[in-house]
């Protein structure tokens, strides 16, 4: 199996596990990003306390249960597997070519034979752009599903405000009719909303183009993984170079070292690109929330202008604390699992037959030279390898 394919599969596996673990944080963060609030309104101390991530997670669980915390998980897992697989596959292909080119240039005396910072940045940017173009429709659906209940509540609140205004200036007969409408609004139950409903809604609103909403800020956000991988590869390179002169069994990084480097890299990238993430989420979420013009955007520039006008710069950093926790932890887990899976498969040099996880371990079967090999990846320890003989007995 080629190194590019190994990295693609390992990236997909790590991404799925990280996504499942941190998905409730991602759901809360998306709702925080898409929540509109005028900059003139000053929140009280109690209101500020009630906007904490933990409070919102508990509130979401109480009102919507596990289904609310994991709304959109299925398409999200598909998107994560596709995104990580595509990204790491093309990243590894480009990385191999650039490293070969650097070595060739070094032999000619045109460099030291290593890849520089700008090259890492370019590699990650190209791989990220390919990934965005292919997977953007999936993330539009995920955003819709994560924010559907929130959007429906806003629509109901807007309708109630209009009805209350009508009640104030209506006669006795009209008041009775309007009160009946208010009662119906209060008693309405949320409609079932899954992937199919999200697809229909997006297509009904904007056609095929709707599935690529938020593409411009998302493409610009390619600099997030670019910065992330530039920091990660640079730190990893320096750490390996320091080890080269020491008496160590391997120059490879340990799982804990990869975890920490991944956390540092993701933290730096998230802080720089977060405003673009908020704009992207606003564009991909349901636009027609009531009649408030500040809630509807025609495009990226319109969203940025309205956010500055109605919410101020603070609007671009809503939910940033939640995102940092979610992104850093998810990226750390992803890097750690990817490196472990890659090292196992490349060491064995055999295709994977099956894979499962249990009690903090990843278990999978490989075939090599007619033999079946059973591998166990312990997240924070070394990899164990046993060879199964005829009939599946351990030898």
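Keep in mind that glycine also has a Cβ here, set from the backbone N, Cα and C atoms.
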Handout entry: transmembrane segment per TrEMBL - which of 211-232, 299-320, 321-342
Key = 211-232
Practice task
Among 95-114, 115-134, 135-154, find the range that TrEMBL records as transmembrane segment.
Solution key: 115-134
Problem - Stated TrEMBL location of transmembrane segment, expressed as one of 253-277, 353-377 - result: 253-277
Handout entry: the repeat 'Solcar' (253-344) - residue tally per DSSP class, helix then strand then coil
Key = 75 helix, 0 strand, 17 coil
Handout entry: Intrachain neighbours beyond the transmembrane segment (115-134), with Cβ under 8 angstroms and 6 or more residues off its ends
Key = 82-83, 86-88, 90-91, 94-95, 98-99, 102, 215, 218-219, 222-230, 233-234
